[in-house]
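Asker: These came from TrEMBL, pasted as-is:
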TRANSMEM  12-29  transmembrane segment
DOMAIN    15-394  domain 'Major facilitator superfamily (MFS) profile'
TRANSMEM  49-69  transmembrane segment
TRANSMEM  81-100  transmembrane segment
TRANSMEM  106-127  transmembrane segment
TRANSMEM  136-153  transmembrane segment
TRANSMEM  165-190  transmembrane segment
TRANSMEM  211-235  transmembrane segment
TRANSMEM  255-275  transmembrane segment
TRANSMEM  282-301  transmembrane segment
TRANSMEM  313-335  transmembrane segment
TRANSMEM  347-368  transmembrane segment
TRANSMEM  374-391  transmembrane segment
Amino acid sequence: MPSETTISFFSYWRVAILAGTTLILTVLVEDAYVPVTADVAKEFGDALSDFQLTTILLICVQGVTMPLFASFGDRVGRMPVLESGLLVFIVGALVCMMAGSDWQFYAGRIFQGIGASAVLVIIPAMIRDRYSDNEAASQFSAIALILLVSRIFSPELGVQVTSSLGWRFLFGLIAVLGVIILWISFRAFHEEEKSCFQRRKSSFLMDVKRVLSHSLSLRFIFTYTASSTVVLVYYNNASFLFIQYYQLTESVLALILSLSFAVQGVASLINIWWLKQMNYRQIMTLSFYLMVLLAVINAVMDWTESHTLFSNMLLLSLLFFFSAFIAPNALTGVVQVHPDAAATASSLMDVVAIIVSSLASVLVILLSDGTPKTLSLVAMMICLLSLALWCKSN
């Protein structure tokens, strides 16, 4: 359990801003890229769907490498792993910027995925080293709010930079930001790491077994997976839904994505306030039930062809809204249940979510009939399956 002296040493927003700033890189590499995917595909002479898969590839790579970085993070320290991950990420951005073929671009995305995976598992563990229970949940919500603010501007940033200077300059900019954030992280976290981290001696496989055999851990993982999959399925297919199906422009798509992130930001603020009144588990449970209900309603409206652009955007906004309550509270739960293996626990949660959401996204692309029906059907099935597993593990 983190000590009170450690908690008082870091102001609430200082830690959130430092952690959020580091995680911004993992946001930019996806959100700034999605609206300009068609430009990248056009330059290489490939289909849009081929380069939509590069985002899925990046996420899959994260799923494979997260446990590896988590194992090192729980045993040798947080900062060595974080710094190594940031360096690999910077290399990946530079490879994408200089890519002369689609395969070189894919390689750059793989390096970015590897680097991002280290950041994604180490930051939650560092928060767990300093905070517990509702305090940790509040920190995760504050970090999510910072990330969501950046996500509001990231799609438009990608569009504007690409239209003015080209998509290669966008990846160069991401590399430069990576160098700056690496320097900030080293200065901010390196010294106090010694007072917060305790080395682990148990094996990685034993930690994995403990996490996956714990019924409460599984409930956190199921809810997190459902919310992540619903968001990612629609996010990864945003170009299809709004540009190809509803015939909107790239700029309008960027605006829609920004508004969806703004909705999640509002939810994060509410969650921070709500955590002063309720336990994080209660908030997560209520939000999960409401999200499942909305996913069912959304699928019914799609398959009965009752949806309009407005109703589709409204329901998707509500799904994004409740996902912002689920993610930080579920993440808090799994790292609090396993405080001595926080990086491993958070990585397993992310791995399950990444595998399920990636498979769902690929399934949507393969089964697409040119309408949003497949999107809503897959999202609903994931939610109902997660609910069934939730009830079984109770």
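Here the Cβ of each residue, glycine as well, is placed from N, Cα and C on the backbone.
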Asker: Mind pulling out the one from 49-69, 81-100, 136-153, 282-301, 374-391 with the most Cβ pairs under 8 angstroms to the transmembrane segment (347-368)?
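Answerer: Per the Cβ under 8 Å count, 49-69.
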Asker: Counting only residues 6 or more past its boundaries, what in the same chain has a CB within less than 8 Å of a CB in the transmembrane segment (136-153)?
Answerer: 12-13, 15-17, 19-21, 23-24, 27-28, 31, 123-124, 127-128, 130, 257-259, 261-262, 264-265, 268-269, 271-272, 275, 280, 324, 327-329, 331-332, 335-336
Asker: Other than its close neighbours in sequence, what residues sit by the transmembrane segment (211-235), given a CB gap under 8 Å and a spacing of at least six beyond its ends?
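Answerer: Counting only partners 6 or more residues beyond its ends, the transmembrane segment (211-235) has Cβ contacts under 8 Å with 34, 59, 241, 257, 284-285, 288, 291-292, 295, 316, 319-320, 322-323, 326-327, 330-331, 333-334, 337-338, 341, 344-345, 348-349, 352-354, 356-357, 360-361, 364, 375, 378-379, 382-383, 386-387, 389-390, 393-394.
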Asker: Other than its close neighbours in sequence, what residues sit by the transmembrane segment (106-127), given a CB gap under 8 Å and a spacing of at least six beyond its ends?
Answerer: 15, 19, 22-23, 25-26, 29, 54-55, 57-63, 65-66, 69-70, 73-74, 78, 81-82, 84-97, 99, 136, 139-140, 143, 171, 189, 196, 331, 335, 342-343, 346-347, 350
